[in-house]
Amino acid sequence: MEDRPIGLLAGGGRLPIIEAEGIRAMGRKVACVGFTGQYDPALPELCDYFETAGIVRINRWLKLMKRWDVEQAVMVGYVRKTRMYQPLRIVQNLPDSRAIRLWYRVLRNDKRSQLMLRVLADELHDNGVDLIDTTAFIKRHIAELGVMTRTQPTAEQQADIDFAAPILARMNDLDIGQALAIKERDVIAVEAIEGTDRMIKRAGILCKAGGWTLIKGTKPTKDLRFDVPTVGVSTINNMKSSKAACLVITAGNVIMIDKEDVLAAADAAGICIVGIEPVEGTELPMETLAKYAESMDEPIEALQGSLVKPVGEEADAEAEEGERFESGGSAPAQG
């Protein structure tokens, strides 16, 4: 097993390059399938074997992995999910017979990322290729617990962190997104299909005064074989442009691409980065729940069983008037 190359299914961005470097640093060969039109041009030279394939040409993936004697692989890099909804998506990304079968058997009624990736992982496993922990070869790029920058969070930002952590946990349970923007215990924006960078820009438009907090991460039971949350220098640059002040990420399961550069960029921008413990939305520790209750100025008993709903007479009145969303207490966008 140790002599076999590690497979790399590579989308866009810098993460596949970091993975290839990490695999080679541990003395293993890299056998890479680069997704057509997605991978970084610098990637092939870091690989012992390299071929391209369409993002829905699963038969070709498997054929190449078999040729290279690959039994374990990592799958990283972005593939813009928004392209699924473009008018010419079928022509641009013609699926093979295996992809069509998976689509009609499982995915046509539920296109959430986690389900799609689990189905794909099962299909690869059934054909002799096991997807493994994405972080296995890049541990030095993983978020740590605590404050990682020179800039410390203010008391106001800490209150926003306490407020946002349970909401993020529930979002993860529902597979909605991996990030949200918070200011003064109010939800400014929630990540969905557009991705974190576009959500950051949207939050900057909605909160022109700035000073808001971005929280991103996942739950402790997250399957680290795929879709692991990432932040990078571009995240910090976008936050700076959008006047964000604090980045909060879950420790142990968020990848900081080029971690040293991320921290240096944050220090230069005066943005603090804080690593927090990941929690399950359905099993929040009492300490976390108590902090959330304090940030909402409500007794903890009022929040049990209803973690992210507005509570109290004022919230009830606002809900009746249709001015706030039940799921997060944030005002709906106008126009």
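Every residue number used here counts from 1 along the chain in the order it is shown.
Using the three backbone atoms N, Cα and C, a Cβ is placed for every residue, glycine included.
Copied over from TrEMBL, here are the features:
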- 6-139: domain 'LpxI N-terminal' (DOMAIN)
- 146-274: domain 'LpxI C-terminal' (DOMAIN)
- 307-335: region 'Disordered' (REGION)
- 313-323: compositional bias 'Acidic residues' (COMPBIAS)
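Helix first, then strand, then coil: DSSP counts for the domain 'LpxI N-terminal' (6-139) stand at 59 helix, 25 strand, 50 coil. Here the domain 'LpxI C-terminal' (146-274) is broken down by DSSP into helix, strand and coil counts: 51 helix, 31 strand, 47 coil.
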